[in-house]
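What follows is a single structure, written as structure tokens, with notes after it.
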Amino acid sequence: MQCLFTLVGVFYTKICWHGSCACTVFLFNLTLADTAWLLALPFLIHYHLERLYWRLGLPLCTAVRMLYHNYFYLSIFFVTCVSVDRYLAIVHPLRSLVLLGRRKTCLLCAAVWAATLVLSIPVARMTIIQTCPGSNRTVCTLYVLLSETGESLPYSIFCSTVAFLFPLLSICYCGLRSVRELRRRPGPHHKQRRLRRVLSAALVLFALFYLPYHLSRNAAVVMRAVYPDDHASWGPPDLAFALEMCFCSLITCVNPLNIGCPLGGHVSIVFLK
């Protein structure tokens, strides 16, 4: 594990200070976040294969839940950074050279990692292990599934607003402005049309991937707040949220904005061509 972190550090230093463009740095961080997110999955898969029997103690339960939440929003933030970088490159090409130089880009990435870690700290505080009544089965309870919603409801809404809605609006603005700029530019019609389609598809896919997750998560918490004694009403939103967690875990393997981009050298991501 120490060797892995050393290699990541060396590679990160290379792409930050040896001529890599901002998009390459953002995509490297996006790939790193997605890969780190996948590292938490074996523990969760084992947990579900054991029929929700957590045997690994509270510290590891807390770490898995916190890291899963942390890397989920890291992925969203770096997708947003890529979208903003493409917007600047298309609409404000000269300004992008000033705003997203190598040093500023690396500092921005470090700030995103730090801010997301701080954002995930409440998850550690709200994660608990519980023993099911009538059995010795111990469960690793996510804050979304807590019966007490005094902390979980405002926190879930806050994360949905700050860490999803604002990035979604930013991506929408950047995508629409970029498409508008491409329409008014002279050039090969088929290339411009293909580029507009890719930008539009990226926007739609981002919304389809992450919007249902946040809707189902907030629904699960709200149902507990509105109907605290009606446990049967919790079932449908809980099921929807569990399915969305699985779906979002799968899409990290095929992130729509990270296809065909070698890290290092020149980025060949499809909508840069």
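Placement of Cβ uses the backbone N, Cα and C atoms for every residue, glycine included.
The domain 'G-protein coupled receptors family 1 profile' annotation in TrEMBL covers 2-259.
Residues or ranges marked as transmembrane segment by TrEMBL: 17-40 (among others).
Taken from TrEMBL, the feature transmembrane segment applies to 74-94 (among others). Among residues of the same chain six or more beyond the transmembrane segment (74-94), those with a C-beta under 8 A of the stretch's C-beta atoms are 22-23, 26-27, 29-30, 33-34, 36-37, 100, 108-109, 112-113, 115-116, 163-164, 167, 170-171, 173-175, 177-178, 181-182, 199, 202, 206, 210, 252, 255, 257, 271-272.
Per TrEMBL, the feature transmembrane segment maps to 106-128 (among others).
Per TrEMBL, the feature transmembrane segment maps to 155-176 (among others). Same-chain residues lying 6 or more positions outside the transmembrane segment (155-176) and placing a CB less than 8 Å from one of its CB atoms are 73, 76-77, 79-80, 83-84, 86-87, 116, 119, 122, 126, 143-144, 199-200, 202-203, 206-207, 210-211, 214, 217-218, 221.
What TrEMBL lists as transmembrane segment is 197-215 (among others).
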